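S.K.: Pasting a structure here, questions to come.
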Amino acid sequence: MKNSTAASSRWTKSRLSHFFPSYTNSSGMGAASTDQSSTQGEELHHRKHCEEDNDGQKPKKSPVSTSTMQIKSRQDEDEDDGRIVIKPVNDEDDTSVIITFNQSISPFIITLTFVASISGFMFGYDTGYISSALISINRDLDNKVLTYGEKELITAATSLGALITSVGAGTAADVFGRRPCLMFSNLMFLIGAILQITAHKFWQMAAGRLIMGFGVGIGSLISPLFISEIAPKMIRGRLTVINSLWLTGGQLIAYGCGAGLNHVKNGWRILVGLSLIPTVLQFSFFCFLPDTPRYYVMKGDLKRAKMVLKRSYVNTEDEIIDQKVEELSSLNQSIPGKNPITKFWNMVKELHTVPSNFRALIIGCGLQAIQQFTGWNSLMYFSGTIFETVGFKNSSAVSIIVSGTNFVFTLIAFFCIDKIGRRYILLIGLPGMTVALVICAIAFHFLGIKFNGADAVVASDGFSSWGIVIIVFIIVYAAFYALGIGTVPWQQSELFPQNVRGVGTSYATATNWAGSLVIASTFLTMLQNITPTGTFSFFAGVACLSTIFCYFCYPELSGLELEEVQTILKDGFNIKASKALAKKRKQQVAEGAAHHKLKFEPTQEIVES
């Protein structure tokens, strides 16, 4: 083992000498001096802080606490190219390999990202079409108008189904694969849609929504996970946001189709039927596309893992690909347990007993809960009902404006999330949402809405200028939501180390769907019992408290490596330390990008051992 490690070190240093003439390893020993040429190809750092010396003795380790965490820049009297070496952040011998692919994103990665993001589109289309369908169903189910309670049950059925499957989706993805799980979610969408299209009874419609919810729960968890595992770290945040873009795009298209089919007989059935198109497309594409390299390594299929990496990074040498696969294999073996069940329970234990993991869980679940209990999904599910209530005849047209705003500001978040930072856009978005919700609550008070019994017929004083105020500030609310809390929670995979990531993201996603279930099944009841003013005041209060939570508990993670995230959370939330570190990392990344003229900002990829 010693000879193998030494040989690996010599090979790594020789490769670095070729690519980076002024390379110095992380312990400050051994600089290679050749010509000053640089490349835009692949970058491989082999960190050897604890490498055995000539006498066979290991040097003393220097664990780095959060307060003393440093980023050590290479020192060279002649030239400083801006690259950095991360010191070890744990008490283990650090023999990890750092691999960065400094090149343009390949068409293969773009293809995988967009195909996986179709799940986000289906998720968004589901939340969008039901709003229009609830308005146009009329007496098509059981030959009677749906009550508020029945509307809530139809809507909440999807959230219940998503909650059930999201709990075990992470483990299923480890056992069966990410791609098969997404294809299974397509089958659930297919069955659920067919049941709804042919429904003439309330129970069949609810059953179809429940089964479709199974697919939504799987897709909402696996799609971001799939993208994060195939994306280069230098643009991982932005590629993950593409899933959110597809989600908001699905909502926008659903509202547009709903507006067009609003007065067509059985138009809501056509609206549901259109959801079959992306379902069939994703299933068909995945018949010809591979799974992620990490999954293939987990199953011991190293040949396929190498194949996917080669197609993803077309200009990368075979030696670097081989080294990457070896590190992924070593990481997989570091997860305790010999079978999936044992590994699952060990991961659950580590998630709750390791302080940094538990803080990550608090943040991940907290953000997903905030996303639901600030009321956005209730607006998406029942926007048609809300806008009819305030006097708008073509409520679907107004819903298009709201969902269009959501899409545009999600697109803005796509460009800002890695540059401005996750924490900053959250602390802009949540206060903005709070103000908008407070104004909506006040406007509802002066509008004077009166509910007429327990059915879906609402008596109001008619349209007034307060209705305009409500619409305007719901649009403002949508903009601030999309910019921050609508996007950041789905970056949850970066919070957790690899050995608990599947379980951690399952917990967080399940929290999202549990919140969605509660809101979807109680929103119309809240409107009746505590009035729209009370309902929107509740959402405003949650948004206000959420701002405080994010201010004190959400560190800045933009630009940080996975090891750095765990160090930040090791003995607290360490907001100041995270902001300082993120700022320094961004400066050094910018300097490195300017020096090497890269198309994308390079970010080192640290594979945890």
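The count begins at 1 with the first shown residue.
Every residue gets a Cβ built from N, Cα and C, even glycine.
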S.K.: Do the topological domain labels in Swiss-Prot for Tyr148 and Thr533 match, putting them on the same side of the membrane?
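M.R.: Domain labels match for Tyr148 and Thr533 in Swiss-Prot.
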S.K.: Looking at N-linked glycosylation site as annotated by Swiss-Prot, pick the matching residue from Asn394, Asn529.
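M.R.: Looking at Swiss-Prot, the N-linked glycosylation site feature maps to Asn394.
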S.K.: Which one of these stretches, 105-125, 466-486, 534-554, has the most C-beta pairs shorter than 8 Å to the transmembrane segment (507-527)?
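M.R.: Counting Cβ pairs under 8 Å, the winner is 534-554.
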S.K.: Between 0 and 100, where does the mean pLDDT of the topological domain 'Extracellular' (126-152) sit?
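M.R.: So the average pLDDT across the topological domain 'Extracellular' (126-152) works out to 85.
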S.K.: Could you check if the transmembrane segment (180-200) is in contact with the transmembrane segment (270-290), meaning 3+ Cβ pairs under 8 Å among residue pairs at least 6 apart in sequence?
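M.R.: Touching, yes - the transmembrane segment (180-200) and the transmembrane segment (270-290) meet the threshold of 3 or more Cβ pairs under 8 Å.
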S.K.: Of the listed stretches 210-230, 241-261, 270-290, 534-554, which one has the most C-beta pairs under 8 A with the transmembrane segment (360-380)?
M.R.: 534-554
S.K.: Is the count of Cβ pairs under 8 Å between the transmembrane segment (241-261) and the transmembrane segment (424-444), pairs 6 or more apart in sequence, 3 or more?
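M.R.: In this chain the transmembrane segment (241-261) does not contact the transmembrane segment (424-444) - fewer than 3 Cβ pairs sit under 8 Å.
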S.K.: From the DSSP assignment alone, can you count helix, strand and coil residues within the topological domain 'Extracellular' (201-209)?
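M.R.: Breakdown, helix to coil: 8 helix, 0 strand, 1 coil.
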